[in-house]
Amino acid sequence: MSKTIILLAFFLSIVLNVQISFVVAESKVYVVYLGEKEHDNPESVTESHHQMLWSLLGSKEAVLDSIVYSYRHGFSGFAAKLTESQAQQISELPEVVQVIPNTLYEMTTTRTWDYLGVSPGNSDSLLQKANMGYNVIVGVIDTGVWPESEMFNDKGYGPIPSRWKGGCESGELFNGSIHCNRKLIGAKYFIDANNAQFGVLNKTENPDYLSPRDFNGHGTHVASTIGGSFLPNVSYLGLGRGTARGGAPGVHIAVYKACWVQRGCSGADVLKAMDEAIHDGVDILSLSLQTSVPLFPETDARELTSVGAFHAVAKGIPVVAAASNAGPTAQTLSNVAPWVLTVAATTQDRSFPTAITLGNNITILGQAIFGGSELGFVGLTYPESPLSGDCEKLSANPKSAMEGKVVLCFAASTPSNAAITAVINAGGLGLIMARNPTHLLRPLRNFPYVSVDFELGTDILFYIRSTRSPIVNIQASRTLFGQSVSTKVATFSSRGPNSVSPAILKPDIAAPGVNILAAISPNSINDGGFAMMSGTSMATPVVSGVVVLLKSLHPDWSPSAIKSAIVTTAWRTDPSGEPIFADGSSRKLADPFDYGGGLINPEKAVKPGLIYDMTTDDYVMYMCSVDYSDISISRVLGKITVCPNPKPSVLDLNLPSITIPNLRGEVTLTRTVTNVGPVNSVYKVVIDPPTGVNVAVTPTELVFDSTTTKRSFTVRVSTTHKVNTGYYFGSLTWTDTLHNVAIPVSVRTQILQRYYDEN
């Protein structure tokens, strides 16, 4: 009977909903983008938004019910709940640039700074010269912050910069007057667009705090990686022990919570957070957020972070963003606009070897984050029935086959938690998983889960098959760091080329993003408020921390100058001089589509010698060069813009890289460099051409003095290939013996244009 009632009620609800849908059209959240604001008074901007909605909806009450956000600082626009027909009507108003549906974004996730050479050291170290980042303000758009973490204590801080116009909002378990301090100077949260799209947050289904407080720890981890205070004797399950700190321990942090557990990040909320951050006076914006391909063009307001970033950069605020976690597949990058600093993820010179000793006394070193007691010699098994040795199929085995034993399995694809769950449910004592390297280690305190590659896994399998009673001993993980551990681009890190504009190299730079130890909220799996996380989300704040230090030392540098300094001084080998590899289905030498300019080298970036600088006008010319229409460019700028005729070449955009996706015959391009090193300098060119490609630079020498700080040069590139090829890579370096200003060169020959080759 109860089932009948439930089904009847469900059926009636469907019928009623269908009937209502004929009467009331469904409202959705739309972003109405108006471009550059016409008033300096934010209240006047908001009033103009209300007037526009009033003309459409007919009453003040309807306007207040509809409007979600007013964007009134970095640009003009608003988010509102509208029906499809209302959105169409408002899009036809002459002052409206574009009306777009709301979009959703995802979050991407001790030793790091020493590995990169950013150590307190002596008075000549980068940290000391940059005064730890004091007086610089970084804005972090993420899941919020856990303010009680000691990483956010303000001991030794002076006053908050007088230019700061932001504040701290109170909310659930967050008191703005108590939880903010001279380090954590700002905390706001944005959920209106998320609520408008999905309904009011149901905390039973989606546990979170209606405040800037961080529930899952992602935002806390990011913020503490950028600027966490010094905290000694920190570890995770006993591993990675050392002094934890952020890259710029003296920076002021402003947190903007726009991402919510299980509901992601509403584009309209993120855009509002960016608008507020611009108004509040942040010096840098850090976004560990991603979308997935296919992407929208940079001039399309549906690419909300790109549009918001453009307005931030136009006001001198560098925007650092994650490359995405869809690797190792090519063309999977997000945040690809040329004005954004896009970050890939690498490992570092630290690993967690875990000794596996077989009954024949052979010891194999796997990788794990296992902090439990040593597992003495116990039974070892590999399920031999068809497919059941597959990690995804372990649950198909009888529990008796795994109970009381360590299980070996093979994973053909990225491993999931299914294998761990199956073994634990069967009463198994541990799991050895043979797989391609992904660097994603699941931390477990009392259950050994150890990863090995297929070769070592096969060795273990041969041992199992060679004896009637195979046994194994697994020791607790240890921490190993130093030159014996090489650097690799992480498997998950998204790869180029750029799917929107292939002549724009992405990613720009790489930084450690694997097993990064930082603060986290106590709601998550942690050890004393700290945890290891991996992702381009974790690499992004590493770069943001370096940008803070550069901004402290060079407050007059533009966002493009900072990007240039980082890209042109990057390591193309790891700090120990070993080649950097890129992990994937097979391991290969890393190239610019894996790591951009290379692995970030903070100490060198401070004194790059030369920079490839750009202004907002250069970005406008870029938009013209890739055939975006005058109308779409005008939408971004908020003012009428007419591209020159003929249009400029995208290859002439003054990037610290050269990427030619469709070379046929010969092409000539131009770059301009600005001297920021010794006044009287002479640089000579060194060319490492891509295979089968000729590169000639004119002039081959650049002379700078007190009256000449800028020099232009041309690059003539021609191919000797007679067929369509893949990309080949090289470099172009200007050197004065003190500085080596290197940019990557990526060239693909396309005899048949716009041709996709399956072979």
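Note: Cβ is positioned from N, Cα and C throughout, glycine not excepted.
Summarising the annotation, Swiss-Prot assigns active site, charge relay system to Asp142 (among others) and lists sequence analysis as the type of evidence. Look at Asp142 (active site, charge relay system): DSSP puts it in a strand.
What Swiss-Prot lists as active site, charge relay system is His218 (among others), and the listing cites sequence analysis.
When secondary structure is read from DSSP and collapsed to three states, Ser537 (active site, charge relay system) falls in the helix class. As annotated by Swiss-Prot, active site, charge relay system applies to Ser537 (among others), with the evidence given as sequence analysis.
Sequence annotations record features per position, and here Swiss-Prot assigns domain 'Inhibitor I9' to 29-106. According to DSSP, the domain 'Inhibitor I9' (29-106) comprises 31 helix, 26 strand, 21 coil.
For 112-606, the entry in Swiss-Prot reads domain 'Peptidase S8', with the evidence type sequence analysis.
Taken from Swiss-Prot, the feature domain 'PA' covers 390-464.
Taken from Swiss-Prot, the feature N-linked glycosylation site covers Asn175 (among others). Other C-beta atoms found within 10 angstroms of the C-beta of Asn175 (N-linked glycosylation site) number 12, with every protein chain shown included.
Proximity of Asn202 (N-linked glycosylation site) to non-local residues of its own chain (separation of 6 or more, Cβ distance below 8 Å) is seen for none. Summarising the annotation, Swiss-Prot assigns N-linked glycosylation site to Asn202 (among others) and lists sequence analysis as the type of evidence.
The N-linked glycosylation site annotation in Swiss-Prot covers Asn233 (among others). Asn233 (N-linked glycosylation site): 9 other CB atoms within 10 A of its CB, across all protein chains.
Sequence-distant neighbours of Asn361 (N-linked glycosylation site): no residue of the same chain at least 6 apart has a C-beta under 8 Å from its C-beta. Taken residue by residue with DSSP, Asn361 (N-linked glycosylation site) is part of neither helix nor strand, so it is coil. The N-linked glycosylation site annotation in Swiss-Prot covers Asn361 (among others) and is backed by sequence analysis.
The feature signal peptide is assigned by Swiss-Prot to 1-25, with sequence analysis given as support.
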Pairwise Cα distance for Asn175 (N-linked glycosylation site)/Asn233 (N-linked glycosylation site) [Å, integer]: 29
DSSP state at His218 (active site, charge relay system), helix/strand/coil: helix
Active-site residues compared (Asp142, His218) - the one with the fewest other Cβ atoms within 10 Å: His218
DSSP-derived class (H/G/I helix, E/B strand, else coil) of Asn233 (N-linked glycosylation site): strand
